[in-house]
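Asks: Below is the structure I would like to discuss, written out as structure tokens.
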């Protein structure tokens, strides 16, 4: 009887929207009550889809928001109702077999279930070992107590892992924010020439932050869920251990399986000593280099090419572009002229028309899209010795060549003097070029006896510098397109 009354009362204080006991109940003037959250959400939905019309979800009578009032009386009833425990009849159902209606007195060892005497005689449990619940209660009490201690230990580990992952997440955030600040500060002085480097580095850090924090956030969520799972499991076991024998053994198979199947998952971490460490560029060196390039450009001279009968290079009418003929055709047509196809390289060189005998001189050469070239300065051709290539046309400073070159599209090198064992072969030294130049600047300081090469594409970084050059006679700009038919172009000072 009392149970039926409680059911009726519960129906009266149930929210018509969420069908749960009212939470912070609000009443409309029509008399219907709703959870504050439910009626608020309904109000917003009505405003969105029904052009501002507000009506009771139950009786559809219109209402105004200012007429909604908190219902303290209903709230008190709900609070009291939540405190009401199960009736004796409802509690009695737990002690009886759901299938046979008999009292649950036995425990099946194989299935780890509490059963009645009719269950024991059924086909399902035939041949199983059954005991009175009191006979196995102590055994399972010990098992669950041991499991509880193990779970508490794992719970502590889970909480520590959760705390560690939170700390690591915060640490990563601070570290990356610090790096971002450093990047911004380091690039401040060279904003005009380092914008792209700054942007690139910041994008890398943003990507690193996004990837790592996303992974750590995912791990954090997993650790929170794992910790919550542990808490619920511990709470369940504590409740069983503090309750009756029936509560201890009811569903014990399921909880034991959960414990046996449970493994403590550890979060994915990112060791800081393995991360990509940001290295700020040598800003002072870059600034000095930029200033040096700005300084040498004051000595820019308008260089043009000087056609001659020695070179087989193709010079354009504007005398600024030089390209190579097809080497195979030239070799077949004039095979007697060259000792080998390899010597073809020396016969495609061309000089600039300007003779340098003193002072400072600078010019730039466009080498974009070329896979091979040689450029620098030369002490001049010797037409009478044209065929004596080994002595007069190999690229060594002692023979009057201060040049650098490219071959196979990626191999940059400088030509130095050969050894005493190979006097007629230059010593080719590889150059480290991070950004391939589309334009190369050449600067000659005749009095200082230096020839410098700048990567204009990379903010004027110095590619190489010849020192202590022996300028015993006039030198000329030198260009050689090698066997690549794409032209080299002398840039005008206005470009």
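Heads up, the Cβ atoms here are built off N, Cα and C, so glycines get one too.
Below, the features straight out of Swiss-Prot:
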| type | residues | note |
| --- | --- | --- |
| MOD_RES | 2 | N-acetylalanine |
| ZN_FING | 15-60 | zinc finger |
| MOD_RES | 87 | phosphoserine |
| ZN_FING | 92-133 | zinc finger |
| BINDING | 97, 100, 119, 125 | Zn(2+) binding site |
| COILED | 137-225 | coiled coil |
Asks: Fewest other CB within 10 angstroms, which one of the binding-site residues 97, 119?
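Replies: Across 97, 119, these binding-site residues, the one with fewest Cβ atoms within 10 Å is 97.
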Asks: For the coiled coil (137-225), what is the mean per-residue pLDDT, to the nearest integer?
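Replies: Averaging the confidence scores along the coiled coil (137-225) gives 84.
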Asks: For the binding-site residues listed here, 100, 125, which shows the highest count of neighbouring CB atoms within 10 A?
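Replies: Answer by Cβ density within 10 Å: 125.
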Asks: Just give the helix, strand and coil counts over the zinc finger (15-60), going by DSSP.
Replies: 14 helix, 8 strand, 24 coil
Asks: Using the centroid of the Cβ atoms of 97, 100, 119, 125 as reference, list every other same-chain residue with Cβ within 8 Å of it (recorded Zn(2+) site), in sequence order.
Replies: 99, 102, 115, 116, 117, 118, 120, 122, 124
